[in-house]
């Protein structure tokens, strides 16, 4: 809802329970550098951090950390460009762009808005499937860890992950009926505690193993040429910028300045944490680093500590799944409400405790969760496909759109030094994205050679 300056001034008076309003008529935002930083860190630090040792093993001690630092700089820089696009026109009084797509619509418009939407929603669908697989693998790892402890490390302890995927899907069907699940105030706190729990355990076990080895393992060049880029997590950082920026209190200083400082804090924090986890994991296992320190059984003991870490992963992913599918739910439900404004199957709701049930929401959200669960079970190698989605979406979401929006909003003159630098950055990242996509396609082709549906 657009609010004029005079209406906003009137709305700025105390209303209701004494709540002040911002210039757009919405409840006054109270976010700061620290709250924005915390939201970004919580969104970015996920279970993928446990795969960084394997990623560094593909590149070695020289290129591995260098690539991580390079992409940290790219993420920071493009995030600052995106922060400038939160308001159109004046950085303090211009029209607010509440979401990433709003910013694309305001600055680029046309077919690029639709392209951005398709990429975003495809990315989120891939994340949902990836989280289903990751959660089931962690649940299976708890069972295996207990089995290895009782029967010995050489026992195969074979089991299927399919029952755990189904269990995860059932839980998501229930939680998906809670309206605005992603807005629950304690959700970010729980997610932060869980992510730091399993990340710290993985880091600690890596340090302990390195000490036990009597030194660092690994090589300067790694085991092979590879692109160990966690594209999905990098995209997550960019998508979080706009939503976090919309919580920052009104100027002065401008939201862009506050967000730039928050981005610096969050990127520095996550980069240090990523470097520690990745490097210590690689130091512990060298070129034989598992693709996940906690579920690949680089460690077997203490088994109870592995159980705690994997349980923390599951709890984190249960909430994270809901947070990342909410935009898809909202998009489809807005479309349905506009298409059938008088439809009782959409508008009629039944409140039961924290749940808000309507025929359409119950049917549509249940169907979506079932689809992600079935695809996860059908394609046990979908991690490779998720990697492909991440590689494909990395360049447009992380680099292309922020660069093009900044050029359009700031009126950067074509052919100028700044224009050329921005275009070179975009082109270089496109090359990296294409290379990563090619690697993911090769992995998918290899997986298809031994593919068995529902193999678990």
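Glycine is treated like the rest: Cβ placed from N, Cα and C.
What TrEMBL records for 31-443 is domain 'Amino acid transporter transmembrane'.
The transmembrane segment annotation in TrEMBL covers 33-52 (among others).
Residues or ranges marked as transmembrane segment in TrEMBL: 59-78 (among others).
Among the features that TrEMBL reports, transmembrane segment is placed at 118-142 (among others).
What TrEMBL records for 184-208 (among others) is transmembrane segment.
Look at TrEMBL and you will find 262-283 (among others) tagged as transmembrane segment. Within the chain, the transmembrane segment (262-283) has long-range Cβ neighbours (under 8 A, six or more residues past its boundaries) at 33-34, 36-37, 40-41, 44-45, 49-50, 52-57, 61, 64-65, 68-69, 72, 75-76, 79-80, 83, 199, 202-203, 206-207, 210, 216-218, 237, 241, 244, 289, 293, 298.
According to TrEMBL, the transmembrane segment annotation covers 303-324 (among others).
Here TrEMBL flags 362-382 (among others) as transmembrane segment.
Residues 74-75, 78-79, 81-82, 84-85, 100, 103-104, 107-108, 112, 115-116, 119-120, 122-123, 126, 227, 229-232, 234-235, 238-239, 419, 422-423, 425-426, 429-430, 432-433, 436-437, 439-441, 444 of the same chain lie 6 or more positions beyond the ends of the transmembrane segment (388-408) yet place their CB under 8 Å from a CB of it. If you look up TrEMBL, you'll see 388-408 (among others) marked as transmembrane segment.
The transmembrane segment annotation in TrEMBL covers 420-442 (among others).
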Is the transmembrane segment (362-382) packed against any residues at least 6 beyond its ends, judged by a Cβ distance under 8 Å, and which are they?
125, 128-130, 132-133, 136, 161-162, 165-166, 168-169, 172-173, 176-177, 325, 328-329, 332-333, 336, 443-444, 447-448, 451-456
Could you pull out which residues elsewhere in the chain have a CB under 8 Å from any CB of the transmembrane segment (303-324), counting only those six or more residues past its ends?
43, 46-47, 124, 127-128, 131-132, 134-135, 138-139, 141-142, 145-146, 148-149, 168, 171-172, 175-176, 181-182, 187, 190-191, 194-195, 197-198, 201-202, 205, 294-295
